[in-house]
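What follows is one structure encoded as structure tokens, with my remarks underneath.
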Amino acid sequence: MKVYFVFLCLLPSLISGASILPEPRKDVRASASNAEIQSLAEQFYAADTNKAASGDITLNLQYKASSTQTSSGTDFASQKLFNYVNEAKLFARPTFARLVDLLDNYVHTTGTAESVPTAEVNEQNAFIDEIFKTSIITKLSDFFISKGYYSSAASFKTDLKEMWFGLYTRTSGPLDSSGFEHVFHGEIHKGKISGLHNWVRLYLLEKSGQVNYLSYSSDGVWNGYPDIYAFQLKWSTYLKTLGSFFIGSSPEFDIAMYTLCYVTRPDSLCSVKMGGSIFQIQTYTWANSTYGNGKRYVASSYPNI
């Protein structure tokens, strides 16, 4: 009799095609306020012990382009952007060293499948392991756990690797891209530079003669590092009309700032703060493919100046 009664109760759902499974648990995450995000960004700024000191980087900005000049592709700078970078000091630091290891792993032209052999997977893991030793990533992890975004540091670590290093296609063809490749390495997509928002990569490209610095269009208000700039440049013959960068920051700082905004303010402008000055980071999710339970990969993230 009880079985018959239960069946009658469920019959309307079965007829209508509705699921009889329990509804998924509702999102229990506490919303992160703008004030909390800005406060945490300030903590990252104060805790970035691996950042460049004032004498570790010397820039030669040369010409400031107007808004009408940035898209012209004109070379207003006769000299290189980076006069000096203290590689012996900065690149010997573990998180920098692990980042540099990753930067030769990618085919920069979209449309070509990315091969990820075991050695490169090991380099990804080594980079993530290293940044998780820093106080910046610890602060980020603790914040996410306190807000219910993740249940543990281990679950956050697993998800961070997937959101940044998981492969997807930007060309409706082979798996040719990832959030990390786009933001930290840079790509050539549809005849233009796409992504490329990491200063270490920019420096190494210019040092090797692959990038030609053209001009700058924005200089942040900060006197020390990290600072924020917007540049115009060419990678081979391909143009970047406006590329924004943290300059002098550590790899863990960049990852933390971008991930904080990506998780809490996806596909939008995210207000953060450094040294008392507010600015915004733009994040984009990759909507054409997902991983896990409908999660989206990083498409892009950069300072919006």
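Every residue, even glycine, has its Cβ placed from backbone N, Cα and C.
According to Swiss-Prot:
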- 1-17: signal peptide (SIGNAL)
- 33-305: domain 'EndoU' (DOMAIN)
- HIS182: active site (ACT_SITE)
- HIS197: active site (ACT_SITE)
- LYS240: active site (ACT_SITE)
- ASN288: N-linked glycosylation site (CARBOHYD)
Distance, HIS197 (active site) to LYS240 (active site) (CA atoms, angstrom): 11
Nearest-integer angstrom distance between the alpha carbons (Cα) of HIS197 (active site) and HIS182 (active site): 8
Under 8 Å by Cβ from ASN288 (N-linked glycosylation site), same chain, sequence gap 6 or more: TYR168, THR169
Site with most surrounding Cβ atoms, counting all protein chains shown within 10 Å, from the active-site residues HIS182, HIS197, LYS240: HIS182
Helix, strand or coil at HIS182 (active site) [DSSP, three-state]: helix
PLDDT averaged over every residue in the domain 'EndoU' (33-305): 98
Three-state secondary structure, HIS197 (active site) (per DSSP): coil
